[in-house]
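Listed in TrEMBL:
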COMPBIAS  1-13  compositional bias 'Low complexity'
REGION    1-28  region 'Disordered'
DOMAIN    41-50  domain 'Uroporphyrinogen decarboxylase (URO-D)'
BINDING   ARG46, GLN47, ALA48, GLY49, ARG50, ASP95, TYR170, SER225, HIS339  substrate binding site
SITE      ASP95  site 'Transition state stabilizer'
DOMAIN    158-174  domain 'Uroporphyrinogen decarboxylase (URO-D)'
Amino acid sequence: MAAMTTDTTGTAAPDDEPRPGGPADSPFVRACRRRPVPHTPVWFMRQAGRSLPEYREIRANVAMLESCRRPDLVTEITLQPVRRHGVDAAILFSDIVVPVAAAGVELDIVPGTGPVVAEPVRTAADVERIRPIGRDDVGYVDEAVRMLVSQLGDTPLIGFAGAPFTLASYLVEGGPSRTHVKTKALMYGEPELWHALAGRLAEVTLAFLRVQIEAGVSAVQLFDSWAGALSEADYRRFVLPHSTAVLSGLADAGVPRIHFGVGTGELLGAMGEAGADVVGVDWRTPLDVATGRIGPDRAVQGNLDPCLLFAPWPVVEAEVRRIVEQGRAAPGHVFNLGHGVLPETDPEVLTRVVALVHELSARPADQG
Ligand code: CP3
């Protein structure tokens, strides 16, 4: 049972007092809220995915987008890493382009490439065609979250969405891009159109996260994976207002909000200001330095380099130890990688990292 109640209007409301031991009182949610924890909680971005043989098996004959729309598959794939690694949180199996597809954008997720958009968004008419969404447009997500919450018991479920800049990059470029050149050209050359597009994407994202929260997720993560491509001044001018609309729009929702991007060392303070309870940090910025930039009012999440998992175990162990130590400088620390699990990762190393983080950070109960 989750520590969420559903009222007669179907809106989930957080209990004032989280049920002791329930998901809202879990080490993960407590760390997000900067409360004392029995151990540093740990989960991995992309923990549900190609590093797991059981995932590859279940996905063998099912396309990525189709699997995201089947609640039975979403539930099984989301649970796989929880069973195998003993992580402190599950993350919903989905993709950042799922709500955009629900909003009417024709796209596919191509294996080995990523999202590919049939007709890239370049004009005001293209922006207008991105429809607002509601629960009925993503009923499969609502259903999957409800199934998961009932099966996860005391383990919290993280919902997520892509942030306006990262989503806009896929829509404008038409697919993954190293430079984001078309996106930036639109941003600098047609700022009004940019703000219309980012504003529309913020509405879709906010609605999508609300569906997940009403269905019972215990936290949400807003992925602005590619925001690190921008200077702080441009981030503040072109992106921050839209990410703020999403995160601040959830201020009353009663669940912690995590905000993450890659290469965002210069943006950490601004990303916190968008309305995050937790700021995700990649491996480039030590957590104690990151905390200095983010301030005492927010927890941090991170930040083992996913490539380090390919090093000999003593090297992995030393790095995990360093990160747990540096995380103590923050008012709350959720251990994670600095970006997603790479497909070639040995899953047994992930399991060992979870056990090690728990062991290194275990606090005697009387201190908790
Ligand atoms: O375990 C989890 O973290 C939950 C599942 C999840 C997926 N995508 C599944 C997925 C999450 C949280 C995402 C978010 C996502 N999708 C992001 C933000 C996180 C990040 O990595 O920065 C981004 C940028 C995307 C877009 C996207 N979708 C990319 C770049 C790719 C990889 C392309 C490839 O094949 O290498 C995808 C596809 C994707 N999303 C896969 C998975 C498991 C692989 C598809 C497959 O298994 O065939």
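Cβ coordinates are placed from backbone N, Cα and C, and glycine is handled just like the others.
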Practice problem: Whole number in angstrom, please: the longest C-alpha to C-alpha distance across ARG46, GLN47, ALA48, GLY49, ARG50, ASP95, TYR170, SER225, HIS339 for substrate. | Solution: 22
Exercise. Check HIS339 (substrate binding site) against DSSP and tell me helix, strand or coil, would you?
Key: coil
Quiz prompt | Tertiary contacts of the domain 'Uroporphyrinogen decarboxylase (URO-D)' (158-174), as residues 6+ beyond its ends and Cβ separation under 8 Å | solution = 43, 89-92, 94, 96-97, 99-100, 105, 107, 114-117, 120-122, 145, 180-183, 186, 194, 197-199, 201-202, 205, 208-209, 212-213, 217-227, 230, 238-239, 242-243, 246, 258-259, 261
Self-check item: Chain residues in Cβ proximity to the domain 'Uroporphyrinogen decarboxylase (URO-D)' (41-50) (below 8 Å; excluding those fewer than six residues from its ends, i.e. six or more beyond)
Solution: 26-28, 30-31, 56, 77-78, 80-81, 85, 87-91, 93, 158, 260, 334-337, 339-341, 343, 350, 353-354, 357-358
Exercise. Within 10 Å of ASP95 (site 'Transition state stabilizer') by C-alpha distance: pick out those among the binding-site residues ARG50, TYR170, HIS339, and say none if nothing qualifies.
Key: none
Quiz prompt | Number of other Cβ atoms within 10 Å of the Cβ of ARG46 (substrate binding site) across all protein chains | solution = 17
Quiz item: TYR170 (substrate binding site) has how many other Cβ neighbours within 10 Å of its own Cβ?
Solution: 26
Quiz item: Do you know the mean pLDDT across the domain 'Uroporphyrinogen decarboxylase (URO-D)' (158-174)?
Solution: 98
Exercise. With H, G and I counted as helix, E and B as strand and the rest as coil, say where DSSP puts ALA48 (substrate binding site).
Key: coil
Exercise. Summarise the domain 'Uroporphyrinogen decarboxylase (URO-D)' (158-174) by DSSP state, stating how many residues are helix, strand and coil.
Key: 10 helix, 5 strand, 2 coil
Quiz item: Once near-sequence residues are set aside, which residues in the chain of HIS339 (substrate binding site), 6 or more away, have Cβ atoms under 8 Å from its Cβ?
Solution: MET45, SER225, VAL262, ASP282, TRP283, PRO306
